[in-house]
Structures are given as C-alpha cells and as structure tokens.
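These notes concern the structure reproduced below.
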Amino acid sequence: MVLKCIECGRKYDENDLRYRCECGGLLEVVTDLDRAEDVFDGKNVTLWKYKSWLPVKSRVSLNEGGTPLYKLKNLEKGFGVEIYAKNEGANPTGSFKDRGMTVGVSKALELGMDKVICASTGNTSASLAAYAARAGIKAYVLVPSGKIALGKLAQAIIYGARVVPVRGNFDDALRVVVEASAKLGVYMLNSINPFRLEGQKTIALEIYDQLGFVPDNIVLPVGNAGNISAIWKGFKELYEKGITEKLPRMMGIQAEGASPLVRAWKTGEKFKPIEKPETVATAIRIGNPANWPKAWRAVKESGGLFESVSDEEILQAQQLLASKEGLFVEPASAASLAGLIKLLEIGEVDRSESYVLITTGHGLKDPNVVLNRFTLPEPIEPTLDAFKEVIR
Ligand SMILES: Cc1ncc(COP(=O)(O)O)c(C=O)c1O
Ligand SMILES: N[C@@H](CCOP(=O)(O)O)C(=O)O
C-alpha cells in the first residue's frame, strides 16, 4: 500500500512519517483491492472482520466496531421515510473515533513510535487515551479549555493521558499539535493522519454488511470532516472492488455556528474558515475543518449536500431520538437527525429513498447538556397517596 496526495497525486511509501504531501495536500492510503476479501455475509460483524481492507498487520484492539444498525420504526411512522441509525456510541469509548484509533495506534507501534498526540473537542482524546493505554505508550491530548464535555474529559484523565487544556478553540489546539508532531517526534493521531481514516471507513463496510444493500443516503455530522471522507472512501472501495453496484449520497450536517463548509456550498464562494465557531454540540465546534477538501470531494462526487442546523434543532432531535427510539446520543450526533428533518421540511430530499444516520457518540458523554434543559419536580413523601397525587 502507498500514500497518495489527493491534490497532485504524488506517492509516498506507507512507512514515510508524514501527514501531508510536499505540496501541502492531504494524503490518503491507496488500498490494495486485490488483497481485499469479500467477507460480506452479514455475520459476526466487527471492525477486524475487514482486516484485508486495512493497512496494518499488528492490532491494538478493544473490540471496536460491530455497532448496531437500528431501523427507526417510530420515527419512520412520523416522517414517512425509511430511516436507520448506525449507533457508533456503542464503541468501546463511546464514539466512532475508536475505529480510527485501533488502526492509528497499531500503525504508531509498527512505525516504532512510543508517544502519540492529538487535539480534541473530546472524543478523539478519550479514544486516543484508551488505545495508548492498551498499547502501553504515552498520550498527550490538547483540548480547548472549558469547552469539552464532562464525560470525555473524565475518560481522557482516567485512561492516563497527559491532558493539556489550551487557551483557545480546537483549531488553535490542532495548530500546536501539527507543529509538535513535526518537531518533537510524537505521532499525530488526528484525522489528518490517513491511517485514522482507514479505520473509520469500516463504518461503510459494516453498513453494507448489516443491511445487505447500499442505502440511498448517509447523513452525518461534520466537524473536522474526517468521518464523511472516510465513509465515502469505504463505499467507493466496495464499488471499485465490484462488490456493490451503487454508491450512496453523502449529506454532511454542520451546526449553524460552526458551518464553514455549508457557507461555501451554499454561496459558491471559496472555502473560508470561521474564526470563532460556537455551538452547543461541542464535538463539532470547529471553524477550520482540516479535512475539508476530502469532505468536499465526497459530497461533490456522491451528488450529496451540506446543510446546517441550529442548536435548538439539534437539542430537539436529541430528545426525539431518545424518547421515540431509546437512543441517547450526544448533541453532535443528533445533528444528523436534525439535518434530515430540516431537509424533509424544505423538500430537499426524496421521501421514497432510504437514509442512514450516523449517530457518532454516546449521550452519557455530555450529561450537562440534558440536565441544563430539564428540572426535576419537588420530591414527594414516600407514600402511595403522594405518588397517586402525581399520576392523577
Ligand atoms: C460525536 C462526534 N460527532 C461528529 C464529529 C465530527 O466528525 P469529523 O470531525 O470526522 O467530521 C465528531 C468529531 O469531530 C464527534 O466527536
Ligand atoms: N470531534 C473531534 C475533533 C477532532 O477530530 P479528528 O477526527 O480530527 O480527531 C474530537 O473528538 O476531538
């Protein structure tokens, strides 16, 4: 396997320690499709079932992947469309990042690296910390001070990472991490690292394996824009290998206050970062998505779209998923349903098609966002009469 620049096509050895091309372009792994096996029988789905599609030989694993794909029957009745959710909150640390980290940390060991680093709005740091612990190597995680959900911070701390709060947002932290990885000999495991995205492309492989068909549309939240690029790469490889005959449309959803891709998409202007991103969905509070050229290509090639949703729409969708389907996801993940609802309302989508929402992270990671919106009633006396009063 080799690394290839998505801008100029220059190739590099897979063991070159680099994250970008000399021209500055993003790199991607060129998968050896002759080696990739047709294992799609709908059985025993886990990430490592697809090892012949992945660019590593070693394996640092916590049994990631194999996440449930639910048919959202109650929401389907309400909205009159076929909807599924691929629930990535069921991964070992509660988000899709584990798919990237099992491959990324395995690659770090193959390259002989004993220190890893990332910038994070929370989930990447939790996941990197866990996989570094499993591998017995040191993790440094830089997070925007005061802007990371409680559960994610607790995870990074308890897994033993060196947590470094930064006075600034995610984009500022990532700048420092990119410099540190170039100058201090630490291996960077943000999604600019193409091996991270190889792990994440297994979401596509699993969706096909579990459904037995390629859905018409994939709807997912977009932050640093790695996941949408990775999932598209997975579907394209299935297609290029001749296993599937169809490709889905990729629909990327951003929060209104952090939506540089939506702005460029809708205005036709050149992509420009947002200086001060803001949203209740802290996981996607990102103004300068590092993978934006890959995400743009995924949406363009697939005939998809970018759309934005307000914080209120995100929180309502979070409540809907929990109260109608028993799925508690974090706010960023609910942006996928919020996006689909908005697209249905404005008539931008076809009601006869199927939609798979990627619910990217577990709701328990960010309990405050729920507790801040709801107040408990006064306590009652411990008697049946008091309870009867309540339900009267
Ligand atoms: C829960 C959650 N959802 C969505 C995203 C967005 O994914 P990406 O950065 O790959 O676009 C992130 C991280 O950015 C996340 O943590
Ligand atoms: N939401 C992410 C942001 C960083 O994205 P990455 O995929 O580039 O690591 C996080 O959890 O930190």
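Glycine is treated like the rest: Cβ placed from N, Cα and C.
Copied over from TrEMBL, here are the features:
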BINDING   Asn123, Gly223, Asn224, Ala225, Gly226, Asn227, Thr360  pyridoxal 5'-phosphate binding site
DOMAIN    60-361  domain 'Tryptophan synthase beta chain-like PALP'
MOD_RES   Lys97  N6-(pyridoxal phosphate)lysine
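Here Lys97 (N6-(pyridoxal phosphate)lysine) is positioned 9 angstrom away from Thr360 (pyridoxal 5'-phosphate binding site), judged by their C-alpha atoms. Packing around Asn224 (pyridoxal 5'-phosphate binding site) is summarised by its Cβ count: 26 other Cβ atoms lie within 10 angstroms of its Cβ, all protein chains included. Whole-number maximum of the Cα to Cα distances across the pyridoxal 5'-phosphate-binding residues Asn123, Gly223, Asn224, Ala225, Gly226, Asn227, Thr360: 14 angstrom. Model confidence over the domain 'Tryptophan synthase beta chain-like PALP' (60-361) stands at 98, taken as the mean pLDDT rounded to a whole number. Neighbouring residues of the recorded pyridoxal 5'-phosphate site, listed in sequence order and excluding Asn123, Gly223, Asn224, Ala225, Gly226, Asn227, Thr360, comprise Phe96, Ser191, Pro221, Val222, Ile228, Ala283, Ile284 (Cβ within 8 Å of the Cβ centroid). Classification of Thr360 (pyridoxal 5'-phosphate binding site) by DSSP places it in coil, neither helical nor stranded. Long-range C-beta contacts of Asn227 (pyridoxal 5'-phosphate binding site), restricted to its own chain and to partners at least six residues apart, with a cutoff below 8 Å, comprise Phe96, Ser191, Gln200, Ile203, Leu220, Ile358, Thr360. Around the Cβ of Asn123 (pyridoxal 5'-phosphate binding site), the same chain contributes Thr93, Gly94, Ser95, Phe96, Lys97, Lys152, Ala283, Thr360, Gly361, Lys365, each under 8 angstroms and 6 or more positions distant in sequence.
For ligand 2, no neighbouring binding-site residues occur among Ala225, Asn227, Thr360, by Cβ distance under 6 Å.
Counting only same-chain residues at least 6 apart in sequence, those with a Cβ under 8 Å from the Cβ of Ala225 (pyridoxal 5'-phosphate binding site) are Ser191, Gly252, Leu261, Pro289, Ala290, Asn291, Trp292, Lys294, Ala295. Here the recorded positions are Lys97, Gly223, Gly226, and the one ringed by the most other CB atoms within 10 angstroms is Lys97.
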